[in-house]
Amino acid sequence: MTSGTKEMCLVQLFFQTESAHTCINELGLLGLVQFRDLNPGAAAFQRRFVKEVRKCEEMERILRFLEAEITRCNIPVSVTVDSVGVSCPRELLELECKIKKLEEELKEINGNHDVLKRNFIELLEIRSLLKVSTDFFEEVHIYTLKTDVLKTIQNVLLLQDRRMKKDAFVIFVQGDQVQGKIKKICNGFRANLYPCPNNFHAREEMRLNVHTRIEDLRMVLRRTEEFKVTVLTKAAGTIHQWVTKVKKMKAIYYTLNLCNIDITQKLIVAEIWCPVSDLNSVQNALIKGSEQSGSTVSPVLNRIQTQQIPPTFNRTNEFTKGFQTIVDAYGVSNYREINPAPYTIITFPFLFAVMFGDCGHGIILTLLAIWFVDVLVGGRFIILLMGLFSIYTGLIYNDCFSKSFSICRSSWRVRHMFHNKTLHDFGHLHLDPEIPGVYSGSPYIFGIDPVWNIASNKLSFLNSYKMKMSVILGVSHMLFGMALSLVNYLHFRNFQNVLLRFVPELVFMLSLFGYLLFLILFKWTVRLRSETAPSILLIFINMMLFSYQTDDKFLYSGQKALQMFLVLQALLMVPVMLLIKPLLIYRHRVQLHMGDIFAYQAIHTIEHCLGCISNTASYLRLWALSLAHAELSEVLWRMLLRGTLGCHPGLGSLLLALVFSCFALLTFAVLIVMEGLSAFLHALRLHWIEFQNKFYQGAGFKFTPLSFTSL
């Protein structure tokens, strides 16, 4: 994977009609060519191979029906990889006849099975009815009251056959006219009517007859289902190959619709986009396809010149595919424009980890990524790097489930604070480097000193540290994006934009926010008392407003003069960006409307100047989300685990197990899933808006090659 897109070329192909299928098949296996439509104005029904495409779609419908039947019968499907491809249309014709015959056979089996099933259910209903009626006539005399009879029979059958949820009733009636009306009413309510013999012997004979028919139908149904399973099992062994062949043939016919056929009907003309570095592979694939068809004429490739913009092709692998997808979701890069995906591999998970920094939570993310190895094909590597970088930032923050660990010796000597009565006076540990003997003078060897975890001024320290760190990372990230814009200008030999856009934009950025970085780093290097040290925020605001007082405190000599010079220099870049380039364009291209040129440049100038401010402020989300994540983790620890750990054994152990389960559930649901998703979306926004808009156009169209692998 390279930072720039692959160089593409437009190639004209000529190959014989008889070798069309095998040549396109080899190109599909190669997966490096995109066919250009030579008939862009033709409708779908006007294409030459539209009937073949429709035939493939009908075969796909049949295969979906077969797959549904196989799934319904819980038959395992044999998955085999077909890497040879389709050699000729004859195979498609044979396959079409085979699967149509199979479809008709299955539909006939299903139809017969449905009829047998209905008859079987009717016989079951008759058997239940005979049993209920026999019991009824043995207990109740036939000349009892009709209302009581109806109620008794209905209750008995409802209790006997709850599975089918059907009621049985008997009606005594005289006269054909009334009997016809009753039948219409029963049909309207979809009630099944069955005859009931008058005497016991007739009912018993009918019951035996029904029982025999039930057993016969049960055997026929079982054999029908076994035969259906046999047919589907045989089809399950090859259905994956059938689906693959049909999809390949459909892709081949669809591709042929993009080509032209000469007047002799013997030669196919096609135009393809392909990487310049893979031209030899394309030619070898065409020669191989021509030899497979038995053609004596080799295909011809002619590289042609065109004014059309080629598609954008970024070669990826399993590791880089997910990060390229993140970039392409914003917009596909212009042809030959620098591709930010290789840099996103590092910067995206790092900025995520700055907001999600916790060693314990990072380990959980890493383990989830390893577990997702078969679930998320491309996304698992993104999660893996986010987890690894979160472990790293967690070590920097010295934070693991809101607790610190002391790897090396602390730079603070808390014992000296007892001698100075700091703890006795205030009742809490307040770290102050000005107290003699408390701070050793050398910083902690890696990350944040663990003693800050128990200090009362921990939050104010981390608040200042993470806010300044966010500004440093944000400005550095934007400056890197501006440096990539210089690479684009130099590649396209646009030296005018180098002098009239990149240079003034860089000077404007460095004069203001580059100086802000200098103030942060400089203040870290000098020793100042917190009570008397000047605020960087106030210094920067007064610098922008030219507001200086006689009692202002400065960090170094000559600071006021330098700040006034930098602000004036930044203001001077505004008319440079706004006026010089439009005037030069108007001077050389007088046919262009002057108002449009100035309007476009004014929009770009305002966007850059205001964007430098808003984008820098936008990176403060790194500070806010990092503090929020750490505080939420500490709240869970204090509210759940800290008090439970001091319980006595016995019931305390059971309580500890219950509380720990709640702690684990809330940690995963809130801190891993919700906070992780929030940090992911914020990191995505920082890359799309604050970083990529410095150099990335994202107005290209993606290279979509004919590839059987994607099928």
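From the backbone N, Cα and C atoms, a Cβ is placed for every residue, glycine too.
Nobody curates TrEMBL annotations by hand; they come from automatic prediction.
Small disclaimer: the values here were computed from a predicted structure and weren't measured.
According to TrEMBL, the feature coiled coil maps to 92-119.
The transmembrane segment annotation in TrEMBL covers 345-373 (among others).
Listed as Cβ neighbours of the transmembrane segment (379-397) (distance under 8 Å, sequence separation of 6 or more from its ends, same chain) are residues 318-319, 322-323, 326, 345, 348-350, 352-354, 356-370, 372-373, 446-448, 626, 630, 676, 680. The transmembrane segment annotation in TrEMBL covers 379-397 (among others).
Taken from TrEMBL, the feature transmembrane segment covers 471-492 (among others).
Taken from TrEMBL, the feature transmembrane segment covers 498-521 (among others). Sequence-distant contacts of the transmembrane segment (498-521) (same chain, six or more residues past either end, CB-CB distance under 8 Å): 468, 471-472, 475-476, 478-479, 482, 485-486, 489-490, 536, 539-540, 543-544, 555, 563, 566-567, 569-570, 573-574, 576-577, 580-581, 584, 608-609, 612, 616.
Summarising the annotation, TrEMBL assigns transmembrane segment to 533-550 (among others).
If you look up TrEMBL, you'll see 562-584 (among others) marked as transmembrane segment.
The annotation transmembrane segment is assigned in TrEMBL to 651-674 (among others).
Counted over residue pairs 6 or more apart, the CB atoms of the transmembrane segment (345-373) and the transmembrane segment (651-674) come under 8 Å in at least three pairs, which marks the two as touching. Using a Cβ-Cβ cut-off under 8 Å and counting only residues 6 or more beyond its ends in the same chain, the transmembrane segment (651-674) has close neighbours at 358, 361, 364-365, 401, 629, 632-633, 636-637, 640-641, 644-645. In the predicted structure, the coiled coil (92-119) carries a mean pLDDT of 92.
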